[in-house]
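A short write-up of the structure that comes next.
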Amino acid sequence: MDLWQLLLTLAVAGSSDAFSGSEATPAFLVRASQSLQILYPVLETNSSGNPKFTKCRSPELETFSCHWTDGANHSLQSPGSVQMFYIRRDIQEWKECPDYVSAGENSCYFNSSYTSVWTPYCIKLTSNGGIVDHKCFSVEDIVQPDPPVGLNWTLLNISLTEIHADILVKWEPPPNTDVKMGWIILEYELHYKELNETQWKMMDPLMVTSVPMYSLRLDKEYEVRVRTRQRNTEKYGKFSEVLLITFPQMNPSACEEDFQFPWFLIIMFGILGLAVTLFLLIFSKQQRIKMLILPPVPVPKIKGIDPDLLKEGKLEEVNTILAIHDNYKHEFYNDDSWVEFIELDIDDPDEKTEGSDTDRLLSNDHEKSLNIFGAKDDDSGRTSCYEPDILEADFHVSDMCDGTSEVAQPQRLKGEADISCLDQKNQNNSPSNDAAPANQQPSVIHVEENKPRPLLIGGTESTHQAVHHQLSNPSSLANIDFYAQVSDITPAGNVVLSPGQKNKTGNPQCDTHPEVVTSCQANFIVDNAYFCEVDAKKYIALAPHVEAESHVEPSFNQEDIYITTESLTTTAGRSGTAEHVPSSEIPVPDYTSIHIVQSPQGLVLNATALPLPDKEFLSSCGYVSTDQLNKIMP
């Protein structure tokens, strides 16, 4: 029966799949071991205290030995009670261990004659004819080289501080291994530690027999040991003897450890503190930081206007606010030459009635009646805003007429001619005008700077011709519009106008000579309601010198005052007006509509359309200042 089982085992082990090559693979060994366990199920059990294999080892890949333990059964401890058998591919039967003595007690040694590399082996332990343990392996898988020998070390160098040193550790491969011939390739692993430490430090495996060790302390002692293994395997052999490394005694002061500033700790604590500070800053100022990083989208609004007015649809109040502020004024109002502004003084309520235009309008005083037509010159010497159709070429002629005219500063002038006197004398051609030249003196009335100034109604020559025609016709006097009188401005921006009144005056009758009047009226050319230097010379040449001591010669002391032709013609007819008391009523102008409230002290009025004849473009000339007029006057 045993022979039959042995033959079956050999048949399985010698199959073509298992032994197809010259060497056995681990898979084959596993399959062989499984086959043996199937054939001999008694080998699987070893829990009764029977002997068992502990290890099988080959130190140089030429020989190997197997060891087992003693069993707990004392009957098996007698010599010859435990036997080991082995089988391999080239033999067809189990053979007993060739040497029970060389490897020691409870061991079996296989010398080179019984060792075959890359050949699987199966071994078993028997006691009294029964199998107690078994094992299958290949020789190359059980290689565990002997430890290296001849360890020593050499000092390489010492640091300048005499604190650290570098050494080189050397050893020799196991003497029983044929490393030089390349029969076996070994890898070495070095372990070291300080003398009083328990934990060994390990270096990376290397295939050389020497390794340097750096930065060893001169005041310390070190222990070094080395072990080896076959390349591409995981089982190391035993460690070599421990090598003690002791450096020669150095100067104690040189061996003192140099002080090292704890930069690492300071950097770590600094980073930690900075992170905490930044976190607290962000946590406390998160709203502000959010506003800086992500600013809110501004709500659409207009400066100075409550958004609720737009939501409630109060467009009238919005338009009023836009009209008051200059910033929101349309360009149309800036470019419109037919719009004039009235400046108001509402600082002192007592000054509103003192010397106002209403008093001058209602007064019968001759001097106040002439102030009605005073005007503020906002053009500062430019062409009047009431002549938008004058060609640009006229301005060049005006600049070349009088090079010494002062046109750089804004001027303020009040004066009005008695147009009705001259008009009536031209119609009647009365011979009683011989005494008129004595009274034809230019008159200039200065206006206080802090008082409200009425708007000057004047413009082109055609406009004055229309006014002359209306004044000569009593039935059309009631339709003349001059300006509107503003009495107060409410806090809401509303304007209160004074009621219309009329001054009673007689029909003007002048005693001036018709020849003088005719020549004066014919020679004056009105250009922008200012007095030209050429016209002034003509007027002075034509006006006869009258010795009237009661008349006061006009003096022009205020600088930058311009003379209008109407002011000069008014002086010519003033004496006749004083002698004759008119019986007709000169109408106070009707109220004109207010276009918009520009500012707390300014109004924008609608232009009054007067009947204009066909436009006639007249050449303009330079303006005459008061100083120049005084020089050319006789």
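Glycine residues also receive a Cβ, built from the backbone N, Cα and C atoms like all the rest.
Record features (Swiss-Prot):
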- 1-18: signal peptide (SIGNAL)
- ASN46: N-linked glycosylation site (CARBOHYD)
- ASN73: N-linked glycosylation site (CARBOHYD)
- ASN111: N-linked glycosylation site (CARBOHYD)
- ASN152: N-linked glycosylation site (CARBOHYD)
- ASN157: N-linked glycosylation site (CARBOHYD)
- ASN196: N-linked glycosylation site (CARBOHYD)
- 261-284: transmembrane segment (TRANSMEM)
- 293-301: motif 'Box 1 motif' (MOTIF)
- 336-345: motif 'UbE motif' (MOTIF)
### Message
Give me the CA-CA distance between ASN196 (N-linked glycosylation site) and ASN152 (N-linked glycosylation site), in Å, as a whole number.
### Response
20
### Query
Of all the glycosylation sites here, ASN111, ASN157, which one's CB has the most other CB atoms within 10 A?
ASN111
## Note on the structure
Within 10 A of the CB of ASN152 (N-linked glycosylation site), the number of other CB atoms across every chain shown is 13
## Note on the structure
Whole-number Å distance separating the Cα atoms of ASN111 (N-linked glycosylation site) and ASN152 (N-linked glycosylation site) is 32
### Task
Averaged across the motif 'Box 1 motif' (293-301), what pLDDT does the model get? Just tell me the whole number, please.
78
#### Entry: Cβ-Cβ neighbours of ASN196 (N-linked glycosylation site) (radius 10 Å)
8
